[in-house]
Amino acid sequence: MPYKRITLTHFLLQEQRRLGGSGSFTALMTDIIFACKMISHEVNRGALAGNLGVAGSENVQGEEQKKLDVLANDIFLHMNALGGSYAGMASEELEDVHAVHGAADGKYLLLFDPLDGSSNIDVNISVGSIFSILKLPEGANAGSKDAFLQPGVKQVAAGYALYGSSTMLVLTTGNGVNGFTLDNNVGMFLLTHPNMTIPADTKEFAINASRERFWEPPVKRYIDECRQGKEGPRGKDFNMRWVASMVAEVHRILCRGGVFLYPADTENMKKGGKLRLMYEANPMAFIVEQAGGAATTGRGRMMEVPPTGLHQRVPVILGSKEEVERIGAYHAEYDAKK
């Protein structure tokens with residue numbers, strides 16, 4: 001019964017008491033919760049509200065924006081500026097930082113991908129929002145990108161909202177991972193997935209196989225071994241998954257194990273990779289590590305990568321710890337022979 005479940009707000013208050021906090025973190029999370037509820041509503045309305053299709057514009061990445069990309073970005077900016085907890089924000093959709101006017105006392109910075117996987121939205125496949133929270137460094141200017149360029153290990157919290165058959169918000173504050181499901185009847189996120197842990201054993205991998213011709217040898221080696229199944233060196237059959245929505249991929253891995261790869265390849269290597277360090281890789285790495293998994297570029301721990309720009313791209317390999325470590329070892333062996 002819903003009334004017997006812990007609400008996300010109550011959960012945050014419990015965390016606040018445990019840590020002896022002032023309440024400012026609970027307040028800023030409340031803003032994110034409202035933003036995710038509003039985006040969920042707009043995603044669910046879809047074609048009924050004229051929300052599908054392209055917006056006729058491009059984002060800073062040079063990617064065509066969907067109508068819901070623009071709407072979700074506006075919702076995140078507006079809702080999270082109201083509370084005054086954030087000194088500044090940065091979005092995957094914006095070229096520069098977004099200073100929050102009238103938030104002189106703001107102690108935190110918010111980075112977000114307002115609508116991950118939006119290429120799927122017109123065909124009704126799950127999409128999501130990803131967010132990362134950092135502390136504003138002492139004496140830093142929240143209007144400068146330098147304040148945001150902190151490695152992933154500096155994150156205070158990270159999470160994502162998944163807009164699928166139900167809407168979920170998955171969150172870590174550095175004390176494990178918990179999942180909350182939106183009950184539309186009462187308008188609240190309720191704790192449904194406490195202490196989420198990635199299973200150690202896995203028989204699934206997620207990769208865009210259409211890019212195989214661009215892969216580096218260590219990635220080819222790993223995928224080839226998985227494909228060989230019981231007859232190969234792994235001694236078991238694997239299944240391949242690919243949704244083209246990072247939130248959906250990571251959520252599946254949190255629930256039943258697996259590994260997600262968007263590796264460096266010969267086509268994207270000059271850009272550093274495909275996915276964005278600050279908006280996608282770091283928050284997901286924090287969540288995955290807190291759930292007992294691992295996240296790497298293939299050549300180092302994701303959350304230790306020094307950021308050089310707001311829109312820096314990196315290779316991403318994350319999921320079940322043993323699989324991620326195996327892929328990292330294959331990269332090390334390959335590099336040692338070059």
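Each position is counted from 1, following the chain as shown.
Here the Cβ of each residue, glycine as well, is placed from N, Cα and C on the backbone.
Note that the structure is predicted; figures quoted are calculated from it, not measured.
Taking Cβ-Cβ distances under 8 Å and a sequence gap of 6 or more within the same chain, the neighbours of LEU115 (Mg(2+) 1 binding site) are ILE39, LYS66, LEU68, ASP69, ALA72, ASN73, ILE121, VAL127, GLY128, SER129. The Mg(2+) 1 binding site annotation in Swiss-Prot covers GLU92, ASP113, LEU115, and the record cites sequence analysis as its basis.
The Mg(2+) 2 binding site annotation in Swiss-Prot covers ASP113, ASP116, GLU280, and the record cites sequence analysis as its basis. DSSP assigns ASP116 (Mg(2+) 2 binding site) to a strand segment in the three-state reduction.
Long-range Cβ contacts of SER118 (substrate binding site) within its own chain (separation 6+, distance under 8 Å): LYS66, LEU68, ASP69, VAL127. For ASP116, GLY117, SER118, SER119, ASN208, LYS274, the entry in Swiss-Prot reads substrate binding site, with the evidence type sequence analysis.
For GLU92 (Mg(2+) 1 binding site), other Cβ atoms within 10 Å of its Cβ number 23.
Cβ environment of GLY117 (substrate binding site): ILE125, SER126, VAL127, GLY128, VAL243, ALA244, SER245, MET246, VAL247, ALA248 lie under 8 Å away, each six or more residues apart in the same chain. Taking the centroid of the Cβ atoms of ASP113, ASP116, GLU280 as the Mg(2+) 2 site, the other same-chain residues with Cβ within 8 Å of it are GLU92, PHE112, GLY117, GLY128, SER129, ILE130, TYR160, MET246, VAL247, LEU275, ARG276, TYR279.
In terms of Cα distance, the binding-site residues that sit within 10 Å of GLU280 (Mg(2+) 2 binding site) are ASP113, chosen from ASP113, SER119, ASN208.
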